[in-house]
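Under the heading signal peptide, Swiss-Prot lists 1-23, citing sequence analysis as support. Under the heading N-linked glycosylation site, Swiss-Prot lists Asn68, Asn239, Asn473, Asn505, Asn578, Asn631, Asn689, Asn694. Swiss-Prot lists Cys450-Cys453, Cys463-Cys481, Cys659-Cys770 with the feature disulfide bond. Annotated active site, charge relay system per Swiss-Prot: Ser639, Asp718, His750, in sequence order.
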Amino acid sequence: MEVLVQLALLLVVHGSLVVLVAGKSVPRVIDQDLERYEPLEEEDHRGARVPFNLEETYDQSFRANSFNGTWKTDREILYSDNYVGDIRLFDVTTGSGTVLLDSSVTADFDKASVMFSFDNSHVAIGHDYVNGFRYSIHQKCTVYNIKSRTFTDIANGDRIPLFKWSPTRNALIYVHKNDIYYQVFFEGGSDTRRITNTGVPDIVFNGIPDWVYEEEVLGSPVAFWISPDGRHLAFATFNDTNVRDIVISKYGSPGNSRDQYPNEIRIKYPKAGTTNPFVSLSVIDLHDPSSKLIDLPPPVDVVGADNVLYTANWRRDGEIVATWTNRVQNKAQLVLYDTKGNANNIYYEEETEGWLRIQPPLYHDRYVIVAKLQDSGTKAGRFLHATRLEYRNGALVDETDLTPGTCEVISLLLVDHARARLYYLGTELGKPSHKNLYSVQLSGNEPPVCLSCDVLTPEGNRCTYAYAYFSTNGSHYALYCAGPDPVFIAIVNANHRQISIWEENRSLRRKLAARTQPIVKNFNVNANGYTNKVKLYLPPDFDETKKYPLLITVYAGPNTIRITEEATYGFESYIVTNRSVIYGRIDGRGSAYKGSKMLFEIYRRLGTVEIEDQIIITRTLQEKYSWIDSNRTGIWGWSYGGFSAAMVLATDAESVFKCGISVAPVTSWIYYDSLYTERFMGLPTPEDNQSGYNDTDVSRRVEGMRGKKYMLIHGTADDNVHYQQTMMLNKALVNSDIMFQQQTYTDEAHALGNVFPHLYHTTDRFWANCLGYSH
């Protein structure tokens, strides 16, 4: 649900070669040895710092280079030389590199990516891609035999949504027209085996998710899982036959006769309370050409027939573990299957106060590690912890909390089997905005150790927002520090000693040195029985004797946060330094990482408590700080944030906010997808929570928006939050004769990635009018 405006990433990929290993992809690399030759950028006005301008906050001027390699082995990283285009293999222990693939091989392919087979003898080249849904692309695939220098087109040269190499063979598993194929390469040719024959484009999906599973459950375009030995393939099938369509009109190019009639795009999209996809799980022996599909049935006696497949992965060769939930996702059953279809229900979990937050489990010998809410011993309630269970006599027993206290596990990353250690991302004590890399012994005898907390950025500040990319077995990792300063990446060994610098983003740092920066202040504000986090960006020349307009950016979706330590240089940098507007973020009830009590306040009542907090906390700031101009206070948000902005204006009886913008907003939860909405709201039926849906429908509350300046912005081709949402609010406002502005972007999707100049110039004019600065 959360909007991920991926324009920057897309532009990088469009102009670059991408390296992939085992389905992972990263942008093209700038050769570390060559970065020193980048010319120094001249500072503006003979060294004087200048404000950010609007255009450079959306045109990638201040985009950081990311980790632009992919681990191939436990000590080697694949990357693309940015200057000559060769694919190189870099040994982090010796500092030496070798060329694996000459740039001439991919020179004739458009928008190329490469994925190497297990022994580097074959290369799958993805090219000529078009975007699918949020995470998926459809591309042509050509396999190059390095020894014979021959090319083989996959799927007759058609675009395909997914391909992966076997981990142990020169064999490619791919999906074509929603069926799975297995193609084995050998000297002189290849053999192809069709694994499924039930696929129907846009209706029955084998090995890839449909729209709702890609967006809301898997967060990935991948729905097949290869066993570690490469012998077996488990995969999901999504049957959308009974799922209703959303119809999107694509209008095409102005004046083009081919677009005399709009083109209709139909997408299977289950809305709240409607029929969901029917999902099944299967496994097959890839090495035995005569093998048949084996069904891995869901535990319908526990989660019901209308269930959700949340996770699936291999515990070890021959054993796959799947997590199934009921439709509203508050009951979950872990099932252990063997490759003959035998099933064993090994662990059950139920959440009575809210919804389940499920992550794929990790494994070590007899241990299974899951993320589970555990009591913190404080009034904040339970926190998501790494929890170790032992598989014994067909069940998971002996639960051990590996990360006790009031810190939250954000993501389980990897188990280092040689050292019996778990790596994970988590918050810091009392600091939910911090994201650190931790490790903890699986024995449970030692407290977690923060591995990123003592790492210093080039500016000398402690790293407070980290991620890690691990090598095959976890003996090395790339530590990615994204805050509080620009991205800095170091290569670290298993003893947690930094052995090299991968990326310092020196060019970005030089450019930032020529810009004035906001003054950042963090506050705790007590409201509605909780301590709420507030972050304000103040103008560089801030004077507390003056009054400044305030603009709040809001998301406020369940289990999300807006206040983090990540360094960003977006719209806030412009409006604060160039327009002297205070920019604010508020994390109230329903936000993440502060305990289950605060989190589950939002359960079954979206659009209530999180909206109240935005209003009351902003009013508190206005009353406490004389330098905030209460007559020039606005709010804006995108996606769920657009919903929040609209609901704030509709329910703000005291007119704390004078104006607002909603970009691609939900306006009624009956129009949004089932798997997201029902997780937090239940079903829109009289027997369940129909009244909750009605209470949170913005179109039923438009009278509260009268007299306030409001702008609606939406793209007509939004496959996530449909244009219908905005049109229904439009109709309610018009029927009530309430004035508002609307900007429609023809054929634009949820991210509005093709119209940023017009979008931000439009919003800038709106804010100039509302907040009182000259445009």
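Cβ coordinates come from backbone N, Cα and C, glycine included.
For Cys463 (disulfide bond), the spatially nearest entry among the recorded positions Asn68, Asn239, His750 is Asn68, judged by CA separation.
If you take the Cα of Asp718 (active site, charge relay system) and the Cα of Asn239 (N-linked glycosylation site), they are about 23 angstrom apart, rounded to a whole number. Closest by Cα distance to Cys481 (disulfide bond), from the recorded positions Asn239, Cys450, Asn473, Cys770, is Cys450.
Sequence-distant contacts of Cys450 (disulfide bond), defined by Cβ-Cβ distance under 8 angstroms and a gap of at least six in the same chain, are Glu428, Asn436, Leu437, Tyr438. Rounded to a whole value, the Cα-Cα separation of His750 (active site, charge relay system) and Ser639 (active site, charge relay system) is 8 Å. Each residue contributes its Cα atom, and for Asn473 (N-linked glycosylation site) and Asn631 (N-linked glycosylation site) those atoms are 58 Å apart. Within 10 Å of Asn239 (N-linked glycosylation site), counting C-alpha to C-alpha distances, fall none of the recorded positions Cys453, Asn631, Asn694.
Taking only the Cα positions, the spacing between Cys453 (disulfide bond) and Asn68 (N-linked glycosylation site) is 23 angstrom.
The disulfide-bonded residues examined here are Cys481, Cys659; by Cβ neighbour count within 10 Å, the least packed of them is Cys659. When the Cα atoms are compared, Asn689 (N-linked glycosylation site) and Asn505 (N-linked glycosylation site) turn out to be 50 Å apart. In sequence order, Pro51, Phe52, Asn53, Leu54 make up the list of same-chain residues 6 or more apart from Asn578 (N-linked glycosylation site) whose Cβ falls under 8 Å from its Cβ. The Cβ of Asn694 (N-linked glycosylation site) has 13 other Cβ atoms within 10 Å, all protein chains considered.
The two recorded residues, Ser639 (active site, charge relay system) and Cys770 (disulfide bond), have Cα atoms 22 Å apart. Proximity of Asn505 (N-linked glycosylation site) to non-local residues of its own chain (separation of 6 or more, Cβ distance below 8 Å) is seen for Ala64, Asn65, Pro486, Val487, Phe488, given in sequence order. Rounded to a whole value, the Cα-Cα separation of Asn68 (N-linked glycosylation site) and Cys659 (disulfide bond) is 41 Å.
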